[in-house]
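Trainee: Please see the structure below; I have some questions.
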Amino acid sequence: MMRRTRLKAIVVAGLLTAGSAAVADNTPMSGQMLAFQCAGCHGYNGHSVGPATPSLAGFPKEYFVDSMMAYKDGSRYATIMDRVAMGYTEEQFEAMAEFFAAQPYLPAQQDYDPELAERGAEIHDQHCNTCHSEGGRYPEPDTAPIAGQWMPYLRDSFEDFRDHGRWQPRGMERRLLSVDDLEALVHYYGSQQDPAAYVFD
């Protein structure tokens, strides 16, 4: 729990730095300029370098906009993103989404347990691949890539699904897994570190 709290503190600190520039009016700005305001936590061009936050590069446009609007209206659980999202309009989210979707996805380079990753691959194929295809790498319109994200971020996300009421599709609710199974999935997704594996025609 202490580790999770520290990670949340990192997120908040970064957002206080980057989010201070959030645009609360309708001043026209390019998607790239708007995306720069996310760099303090999500990295340059959406390539996160911090374990508490996801990479946004390569996110499907529809998924990004829907997620940000859910933060804005309070329907998606958040520690800080709900407050950040209040400073933007739907049109600005759409501009950011266009920019992030055009960026190449770069998987995080991190340590993982090969045995847990192998077990996680089996769990993924059995329970998750229908919605998160290609081992969790493929950016479906309604799901972002989960493979290649930082493992601490994935752990936090799974905990939010389990313990904090974060909305999830009905099919995912039926497939809620044990803590050990989720940890194996974290290592599987974290093990997929070849950028070439995320290039789809």
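Keep in mind that glycine also has a Cβ here, set from the backbone N, Cα and C atoms.
What TrEMBL records for CYS38, CYS41, HIS42, MET81 is heme c 1 binding site. Summarising the annotation, TrEMBL assigns heme c 2 binding site to CYS128, CYS131, HIS132, MET172. Taken from TrEMBL, the feature domain 'Cytochrome c' applies to 14-104, 115-193. Per TrEMBL, the feature signal peptide maps to 1-24.
Describe the structural context of these features.
Mentor: Remark: HIS42 (heme c 1 binding site) has SER48, THR53, PRO54, SER55, LEU56 as non-local neighbours, by Cβ distance under 8 Å and separation of at least 6 in sequence.
Packing around CYS131 (heme c 2 binding site) is summarised by its Cβ count: 15 other Cβ atoms lie within 10 angstroms of its Cβ, all protein chains included.
Residue counts of the domain 'Cytochrome c' (115-193) by helix, strand and coil are 48 helix, 0 strand, 31 coil (DSSP-based).
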Trainee: Name the residues of the same chain, 6+ apart in sequence, whose Cβ is under 8 Å from the Cβ of HIS132 (heme c 2 binding site)?
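Mentor: Correct list: HIS124, TYR138, GLU140, THR143, ILE146, ALA147.
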Trainee: For CYS128 (heme c 2 binding site), what is the tally of other C-beta atoms lying within 10 angstroms of its C-beta?
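Mentor: Around CYS128 (heme c 2 binding site), other Cβ atoms within 10 Å: 21.
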Trainee: DSSP three-state call for CYS41 (heme c 1 binding site): helix, strand or coil?
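Mentor: Assignment for CYS41 (heme c 1 binding site) reads helix.
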Trainee: Could you tell me the C-alpha distance between CYS38 (heme c 1 binding site) and CYS131 (heme c 2 binding site) in angstrom, no decimals?
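Mentor: Per the Cα atoms, CYS38 (heme c 1 binding site) and CYS131 (heme c 2 binding site) stand 27 Å apart.
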